[in-house]
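Residues or ranges marked as active site, proton acceptor in Swiss-Prot (evidence: sequence analysis): 150. According to Swiss-Prot, the feature ATP binding site maps to 34, 35, 36, 37, 38, 39, 40, 41, 42, 58, an assignment based on sequence analysis. Annotation source Swiss-Prot lists domain 'Protein kinase' at 28-282. Among the features that Swiss-Prot reports, domain 'NAF' is placed at 303-327, with the record citing sequence analysis. Feature annotation from Swiss-Prot assigns phosphoserine to 172; the stated evidence is similarity to another entry. Under the heading region 'Activation loop', Swiss-Prot lists 168-197, citing similarity to another entry as support. Swiss-Prot lists 333-363 with the feature region 'PPI', giving similarity to another entry as the kind of evidence.
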């Protein structure tokens, strides 16, 4: 049972035993083993409280985390709680017993992309489809300061519609990890997919490193083999550093040009995500508006996730709220949250009233979310309303630029709190 009904840690389900014999936490019926890794196993399960919907549950042994893997698990929770995108595996809940941590995730029923590409190369048309979906997910992550750092077919899954789902964010880096020189400094990734600048053991740009890995994935999809291969690891690194690869004869001229820019060894000259969106091969046969897909800012306002579960509350709260799992934790956004018993429509109307009083511009608006811009559009705040229960909603205000000294944002925050009832749940500002 939870230790204290008044503590934020009570949101995490902790039980006295390891597993309920009939159903995990009285909710999930564990099924077959889908796979296992260095410190976790993944099972298929049925959500008994949601009509038997199939989910995937990653089970992490806490005792394995004593070997320095705690940061790895913390990072995966921190990253995945930020991400809601159609081509990224959704993490819906985190539960714990005395000995295990359970990640409840969306089940990608189509399996690994790797298993399909190893049996046969893809056509350019199919390669283009998956590359577009990959770039859509990568663009979304980068807009939120998240760099995957281990993009490879084994971490690219397929759903029941054969659409792409990016998974395994255990090696991901966030903007909070960037050094004063503006670079990341941790060597991560799988050798055949790592960018050449990572091999220099100096600082590197996480977004540029991800783009290189996307290039390796695209090469593999089209060719059926990796661009850089050598039985000797140092020989492999030399080929990566010099970008020595041979494209198959069937590769079209436009694809050759794109791969050349993706696998550019100089990160300063490497193609960017925004440039990829304008590339002729990338755009072939599709309306440009369909390619870009969900814009980063637009997805902040999407209805997806409008009903909060326990995991949303844990992960959006202050650092102490995850101590029931494994200690201190850092909240990445400057965020203010409180609970109200007013309707969403009433709250949204009041937000607009306050915005008008403060001369703020409504940049974007949806039923449960609104994006406000200050003078000259130099900063913005997103206000979202998500349902907690039949009677209560959570009002969340995020300063996207994380500028805690923004005067108009502070004024907006104070006015909203006074206007939309006295808050009963408040996330403290990050020190």
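Using N, Cα and C of the backbone, Cβ positions are placed for all residues, glycine too.
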Exercise. Between residue 150 (active site, proton acceptor) and residue 40 (ATP binding site), find the distance joining the two CA atoms and give it rounded to the nearest Å.
Key: 17
Quiz item: Which residue counts does DSSP give the region 'PPI' (333-363) for helix, strand and coil?
Solution: 14 helix, 10 strand, 7 coil
Practice problem: Can you tell which of 34, 40 has the least company, meaning the fewest other C-beta atoms within 10 angstroms of its C-beta, among these binding-site residues? | Solution: 34
Quiz prompt | Average pLDDT across the region 'Activation loop' (168-197), rounded to a whole number | solution = 51
Quiz item: Taking the Cβ of residue 42 (ATP binding site) as the centre, how many other Cβ atoms fall within a 10 Å radius?
Solution: 18
Quiz prompt | Proximal but sequence-remote residues of the same chain as residue 36 (ATP binding site) (Cβ under 8 Å, at least 6 apart) | solution = 42
